[in-house]
Structures are given as structure tokens and as C-alpha cells.
Ligand code: ATP
């Protein structure tokens, strides 16, 4: 299936099976704002819990926080967001469409990358088992040429953005001959900076109301609470503060479904460390976060690191964990060495000391910060798009399956009476009653059992449990596994343990070790 088609399928499946709806759909929707429906809200919650468990519960030196969305407006002066939280935008004069200039260039590079992937596929076919991908990538002249071209374009883009040389960003777009994807024209305006924060007002009367921002990241709520948490929790460096919550950005290009939203949720952890140790911790958290992703089994080949050429004003090292979305490799999570920039800025703007007294060194210092920041909605899209597959079956039919990691699936099991009579629904409902203390389970009696299996496959439910006439005699049921379609006869009393073995967080998170 072409990638575009796959992505369209992902979006329509998310709607049809109650995962994601466009916000205010009856009013024709609101651009880049989405609602999570009955299944989506469970999947999202399970991803959030999986992250929270691995961060907070599994680390005795990381604690949680839930800071408000509204913050004192000086916060955003101090953090640099008022002056510097902007994206370079460019308009096409013919289509009147607006784009992020850096994204136009990156998309151009992604196209060259697709050419590399095609060459790799061709060569893999030609050389068969003898194919060595790394060697091919580093020696094939055409591929090396493509890669050099990508590197030099991205380097120039990074440098121009770093120097705020927006004229050169436009020159680069023109030199590469990038055309508007809608109009096909190369009639571009100059590149301008555009601040991404949403403003609002606090207070009832027009004279006294103060200007506020909706937070564009959750991190600042952690920085301003750093000393409160450190003192009340008697935390010793190194220690972390983790938080999940909404963030808001007035994105210029809001396409690609829940990949880029104007209201979204972040899961961030700020790790407070001794100055000078930041590179060690940077490497540590890079590896740790990649292990977390891999523990979910979405395919190791679908991740890669992308080190930043252009560092944000607060960072001395930064990398993205990129994931292979249906539209190519894109940022899923950022890992940033933020130095002491934020704490120092808040010290300066608030006039309050934000230092840590190190008993071992008998000295005070402003800690450095290592940040891991992942978008919950992006993670949702990664999991969901990776899970949706169309499978050819032996009898020449196909089935649509949502192979969600069982630990994240909204419903862990569907309990199905074979027929709606002879006491089978009563037994099935009793099984639901017993299991619902431990798992989210659902009851389904409508349609033939084969159709119900298909429905649950498409819903992502890892197990179907069928109650039939033999159950009346032997207190056993048939348990069917979503991915293998294997069916087994098991005792009703064993169901809980069988399901638990596959959906338990411990079983999955242990893979990180
Ligand atoms: P991008 O380059 O894609 O705009 P970013 O580098 O600005 O992202 P960060 O500020 O590092 O992103 O935010 C951390 C994480 O928050 C990102 O890795 C991403 O998963 C998520 N995120 C950022 N912006 C959005 C958005 N508009 N919609 C959904 N998730 C987002």
C-alpha cells in the first residue's frame, strides 16, 4: 500500500472505530484540533500510564508534578518564548498557502531519502543474502551522492536559522527549486518569523485584565517549582521531575492529523544534575528512552536518532528520536541538554535564588538540566499507525487487524456468547463481571461469531473469549489470540492469569532491563 493510502486508512480507521474524531465536527471541525473517543481515550491513557510507570514508579529519584496551564506571564519572558518561540514562515503568492520554510526544505530532503531507500531495496533484491546494508550505504556512489546532498542542505539550513539569516533560507528554497505542493508555483514571499504562543486574558474588567499565554510546553511549570519540590521532597541531585499535560502552539502548518496539533499533550521529565555531567546524562537518557520505545515492539528499524545541527537557545546538545510514520521518519521525542539556562533566567527575572546546596561538595550551584520530552499524541499516532495492518489469509480473504501492543490496547478481552440463548449470555456476562476488576473488558453478542472476531481484530482487542454449549458442561471457554488467530480451550478460572501474562505492564517494561 502506498504511504499516502496507508495514512488515509489510519485516519479513517481511527474515526470508524471510535479512536479519534475531529473537534467540533458538526461545525465542520477546527483545524488541527482533535478529540479522543471511547477507544482513543483508553489507548492514550494507557500510553501515558506506561510512560509514568517507567519514569516515576520505576525510579526512586524521579517524582511527579501537575502544574497549571496558566502561568505568571513573566515566566515566558524569562524562558525566552516571548522573544524567540517562533517558526520561519513563507507564503506562496499564487495559492496563498502558508508553510514553514524549514519544513519545506526538510520535506525536500525526505524525498531524496526515499530515493536512497529505493536504491537499498533494489540492491537487497539483487544481492540477496550477501547484501550488507551498511557497506552499501557507505560505498555506492549514487547513494553517497544523495546523502552528501542531504547533509549539505541541512547544514546550510541549520546555519542560516542559527544566524537568523532568513534571506538565505529563502535563497535555499529558490535554489532547490521547491514548488508549492498545492499550486506547483515557485512564487514565494520573503521568510518571516511567527510567534507560536496563544494569548489570552485573566481578569474580569478590560482595564485590570492581564495578558496571559497558554503554555507552549510543560517544562516551565517544572522549572518554577524546582526548589519547592527539591526542598519538600528532600531530593538529592541527580533527581528528576516528571509531568504530563496539555500544551498549545499556534502551528503554521497544521497538517498530518494528530502529528502536529494546536492543542496537544506532552510527557516531559526534567533531570537536575551537577554541572559538567550533562554529556554523560545525555547519553544515558538517549539510550534509556530508546529502550522504552523498543520495549513496545513496534520494530527496531522504525527508530533512529537525529542529532540537531541547530541548537535551541537553551541547549548545548540535543537529539530527536525519530519514528517511521506513514509519511516518513519524523520527530517523536526530543532529548535536550538544557544547561542551567532556564533556572538562571528564572532567578534573574524573579529575583529568587534557585540553587541547590550540595552537601558532598559543601557548595551551592545552579543545577544543569537534562530533558526528555515526548508528545503523547505523536506517540499515539506512532503506535496506532504501526499497528494497523491488512492481512492476507489462507482462504484468499483479507482481515484488518489493529495489532496494538497488548499492554496499551483499550480493551484487553471481548467476551462473546456463541448464541444469544441457552444460558450462554449469562455465563459470558458473569465472566465480564469477574474480569472487569482487573482489566477493561467488553461484552459482544451481536452478529455471527466470525464477524465479532473481525470487529474485535479491527478494534485492537488482544483476546476474544467465546462461551459455547460445552462451557455448560466443562466450565471451559475458547480463547482466541488476535495476532495469531490461534484458539485454545481453557478453564474459566484460568482466564485472569492467561490475560495478565500478556497485558501486564511489568511483563513489557521488564524488556527495558
Ligand atoms: P517539531 O520540530 O515537530 O515542531 P519541536 O522540536 O518543536 O517539534 P519540542 O518543542 O521538542 O518539539 O516538543 C517536544 C515534543 O512534543 C515533540 O517531540 C513532539 O512529540 C511533541 N510536539 C511538539 N509540537 C507538537 C504539536 N504541535 N503537536 C503534537 N505534538 C507536538
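The backbone N, Cα and C atoms fix where each Cβ goes, glycine too.
Per TrEMBL, substrate binding site is recorded for 100, 217, 264, 265, 266, 267, 268, 371, 372, 373, 374, 375. Summarising the annotation, TrEMBL assigns ATP binding site to 249-251, 259-264, 331-332, 375-378. Taken from TrEMBL, the feature domain 'Aminoacyl-transfer RNA synthetases class-II family profile' covers 135-417.
Recorded features from TrEMBL, shown on the structure.
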{"residue": "100", "record": "substrate binding site", "CB count, 10 Å": "19"}
{"residue": "251", "record": "ATP binding site", "CB count, 10 Å": "17"}
{"residue": "260", "record": "ATP binding site", "CB count, 10 Å": "20"}
{"residue": "264", "record": "substrate binding site", "CB count, 10 Å": "20"}
{"residue": "266", "record": "substrate binding site", "CB count, 10 Å": "21"}
{"residue": "268", "record": "substrate binding site", "CB count, 10 Å": "25"}
{"residue": "332", "record": "ATP binding site", "CB count, 10 Å": "22"}
{"residue": "374", "record": "substrate binding site", "CB count, 10 Å": "25"}
{"residue": "376", "record": "ATP binding site", "CB count, 10 Å": "21"}
{"residue": "378", "record": "ATP binding site", "CB count, 10 Å": "23"}
Taking only the binding-site residues 100, 249, 262, 264, 266, 268, which have a CB closer than 6 angstroms to any atom that belongs to ligand 1? 249, 264, 266
By Cα geometry, the one of the binding-site residues (100, 266, 372) nearest residue 251 (ATP binding site) is 100
When neighbour density is defined as the number of other C-beta atoms within 10 angstroms of a residue's C-beta, which of the binding-site residues 249, 262 has the lowest density? 262
Three-state secondary structure, which DSSP defines for residue 100 (substrate binding site): strand
For residue 260 (ATP binding site), what is the secondary structure by DSSP, using just helix, strand and coil? coil
Which one is it: of the binding-site residues 249, 262, 376, 378, whose Cα lies the shortest distance from the Cα of residue 268 (substrate binding site)? 376
Limited to the domain 'Aminoacyl-transfer RNA synthetases class-II family profile' (135-417), I'd like the whole-number average of pLDDT. 94
Determine, to the nearest whole angstrom, how far the Cα atom of residue 260 (ATP binding site) is from the Cα atom of residue 266 (substrate binding site). 12
Residue 249 (ATP binding site) and residue 374 (substrate binding site), compared by Cα position, are separated in whole Å by 15
